[in-house]
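Worksheet for the structure shown next.
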Amino acid sequence: PSPMPIKNTFPSPGDTDLQFLLVGGDLLKVRSSSWKKTRFYKLQEDCQTMWHESKKTFKFNQTFSIKDISAVRAGRQSEGLRKNTEEPVEGRCFSIIFKGRRKNLDLMASSEEEAKQWVTSLEKIMSNMENLNSQQKTEHWIFNCLRKADKNSDNKLSLEELKDFLHQINIEVDDQYAEKLFQECDQSKCGHLAGDEIEHFYSLLTHRQEIDTIYGEYAKTTGFMSAENLLEFLIKEQREEATLADAHRLINKYELDDKAKEKQLMTQDGFLMYLHMPEGLVLNPTHKAVHQDMSQPMNHYFISSSHNTYLMEDQLKGPSSTEAYARALIKGCRCVELDCWDGSDGEPVIYHGYTLTSKILFKDTIKAIKEYAFKTSDYPVILSLENHCSVEQQRVMAQHMSSILGSALLTSPLGDQMPTDFPSPEELKGRFLVKGKRLTKLEACFGPEETAGDDGSLTEEEEDDKEEEEEEKKKEGKKLKLAKELSDMVIYCKSVHFNGFQDAKDNLGFYEMSSFKERKAMALAEESANSYIRHNVDKLSRIYPSGTRTDSSNYNPVPLWNAGCQIVSLNFQTSCNDMDVNQGRFLTNGKTGYILKPAYMRDLGSEFDPITLTAGPWLQHKTLHLMIISAQQLPKVNQKKTSIVDALVKVEIHGVPADTADKETPYIGNNGFNPMWNENFKFDVYVPELALVRFVVEDHDSVTDNDFVGQFTVPFTSLQMGYRQVPLLNKEGDPLPSAGLFVHIMIMDA
């Protein structure tokens, strides 16, 4: 029997789905219409790694980990399968969609039953992985590393294998320490560890000194924590308004030892479990679900928005893909961009005009949007059209949107009279709104037809760039005209040119909105912040990245949120600090993609100016005292076997200029497994409702830039106080399974 000290967290060996994956089978891997090759796939004994064997080399290669899968889709749902297979094989096809940027794996089974079995089994094992708690994930990870270190697979560890194992888990130890650990555990004195000795080694390894200290201080009942002791900890340290019933609930929920649970005691293992669960994390668990008022007018919210949504990479020659829309929508994005051009056979296409980026069909894009729009959030999705099409193909666009989106597409104002304000996200749940040019005023919906008004001559981004792109206009020769069928679909988001705040106030309806290039928007946010805030109280503003960002890089969205701009569009396809901050801004409120703006940004008479920061309800000066205590299981950045993380932690505050700050700990050499800093920081935060706190872990490098290890960004007002675990996300924004920071947070009125 395996001596590894790991509880089996998976279905029992008799589970037919698990058995199916462990036995494995042949699947046809589809890369193109001509490249289709048979591969033998199977799940490894660790129940979390898939391997495949090539028929040519008969070698097994690790392909992917179950935790890297974002979804398994039955049928010909992926772009690749739709393009490279025929409709009759629909039931035999399925795709594995990965987190991050990895390409989909398109597969075909030999029968429909077999395809169903693969999909069911993979989904089941993914769900089991999802439901593992932190402790089990750690055990799983350690189990894997032990398995890799046990070179001769004899279920025993020699001293050399032990050293190799310590490397695997990212901890550099000198030989003396490794030998000391080894001697301490080798009770049978036979030169290797087996069975209980590995168990003992595991407990020495995962022992956390800082938890000993905290637990020891409150475990006042025969060496354990009673419900009363736990309550004292929750009130005194965690600053929670807790009751004895809350303490009992936590013991019943997280205590692992049944005997202790019977006596309503919490052991140190149960206490550690609590710290890794939602109640113990840095993010206030009540903010994870929808907790804001969703019945305010739609423009009173910050709205998660994507620019050039169709691109997977850069803006010059990168691929366009319907997958890019699926990814953005699954990340909670609520405003996607469609750059539409005339295509062949009368079918409009989407791509980045005048460049070598590949093209996708408009109708395929609308189908993908329909499928993924409401998987993460039920709240409305805005389709931002950059329309370069002829009138004929615009009619085709309107037809596709109408037939594919059906009644979910909003084609007339809500209610039976001319509105004076936006409907709320709540009223628009499950609906699609088109943003673009419109031939008439919205009032025309309620009276006789009028044809006066905008002829939709230029697309919005071109209009804003017209000084710089006069040459481009000459090339185009004639102005674009607008098809009535498409124009009539624009209801609450009519695109107009911006001629200054006063003009907008005097002449524009609430539904008439402008798009601003980042440079112009940043200048307005710096020079006329208060006017911008008031403008955004009854209008929508969309900001988009400069055309010079051909690498799909991003800009800092924070100054634009500070000016009340709702639709701050970023290149979702690019991993960077700005996207991390964006993910942090939309982390709460059920990841709906809508965050209610503070009250002082929803008031037409607001005096708030984030630059000058005069007195007002926005000034709620707080002092943030933060202690960075330790980290656990930081992954190796550099996969070279000898490299160990030299970890340091940066804490950044993003908000109004007066609040923007960052501080960092010293680095701890050669320890990514359990580095400890006990470093104290103090920050002044003047406008907490607009502030975000970003925790960043880096691998120190004295020669080049530090390497990014992981980060977590959380709104200041969603921080929990006391001893808290901070989960870490990788550069794609997905969780690092076992990695985390342990911190202490205190927020006081200054």
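Numbering starts at 1 and runs along the chain as displayed.
Note that Cβ sites are derived from N, Cα and C of the backbone, with glycine treated the same way.
According to TrEMBL, the protein carries these features:
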type     : residues                       : note
ACT_SITE : HIS307                         : active site
ACT_SITE : HIS352                         : active site
BINDING  : ASN308, GLU337, ASP339, GLU386 : Ca(2+) 3 binding site
BINDING  : ILE644, ASP646, ASN670         : Ca(2+) 4 binding site
BINDING  : ASP699, ASP701                 : Ca(2+) 5 binding site
DOMAIN   : 20-127                         : domain 'PH'
DOMAIN   : 137-172                        : domain 'EF-hand'
DOMAIN   : 605-730                        : domain 'C2'
CARBOHYD : SER188                         : O-linked glycosylation site
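The Cα atom of HIS307 (active site) lies nearest to that of ASP339, taking the recorded positions SER188, ASP339, ASP646, ASN670, ASP701 as the candidates. Looking only at the recorded positions ASN308, GLU337, ASP339, HIS352, GLU386, the one with its C-alpha closest to ASN670 (Ca(2+) 4 binding site) is ASN308. The Cβ of HIS352 has fewer other Cβ atoms within 10 Å than any other of the active-site residues HIS307, HIS352.
Taking all protein chains in view, 22 other C-beta atoms sit within 10 angstroms of the C-beta of ILE644 (Ca(2+) 4 binding site). The binding-site residues considered are ASN308, ASN670; of these, ASN670 has the fewest other C-beta atoms within 10 angstroms of its C-beta. Considering only the binding-site residues GLU337, GLU386, ASP699, the residues lying within 10 A of ILE644 (Ca(2+) 4 binding site) on a C-alpha to C-alpha basis are ASP699.
Looking only at the binding-site residues GLU337, GLU386, ASP699, ASP701, the densest Cβ neighbourhood within 10 Å occurs at GLU337. Each of the binding-site residues ASP339, ASP646 was scored by the number of other CB atoms within 10 Å of its CB, and the largest score is that of ASP339. In the predicted structure, the domain 'PH' (20-127) carries a mean pLDDT of 88.
Its Cβ placed at the centre, the residue listed as 'O-linked glycosylation site' has 12 other Cβ atoms within 10 Å. Using a 10 Å Cα-Cα cut-off from ASP646 (Ca(2+) 4 binding site), the recorded positions that qualify among SER188, ASN308, ASP339, GLU386, ASP699, ASP701 are ASP699, ASP701. When the alpha carbons of ASP699 (Ca(2+) 5 binding site) and HIS352 (active site) are compared, the span between them is 37 angstrom. Spacing of HIS352 (active site) relative to ASP339 (Ca(2+) 3 binding site) is 7 Å (Cα to Cα, whole number). Comparing C-alpha positions, the residue listed as 'O-linked glycosylation site' sits nearest to ASP701 among the binding-site residues ASN308, GLU337, ASP339, GLU386, ASP701. In this structure, the C-alpha atom of ASP339 (Ca(2+) 3 binding site) lies 42 angstrom from that of ASP701 (Ca(2+) 5 binding site). Residue pair ASN308 (Ca(2+) 3 binding site) / ASP701 (Ca(2+) 5 binding site) shows a Cα separation of 35 Å. Break the domain 'PH' (20-127) down by DSSP state and the numbers are 35 helix, 42 strand, 31 coil.
Rounded to a whole number, the distance between the Cα atoms of ASP701 (Ca(2+) 5 binding site) and GLU386 (Ca(2+) 3 binding site) is 44 Å.
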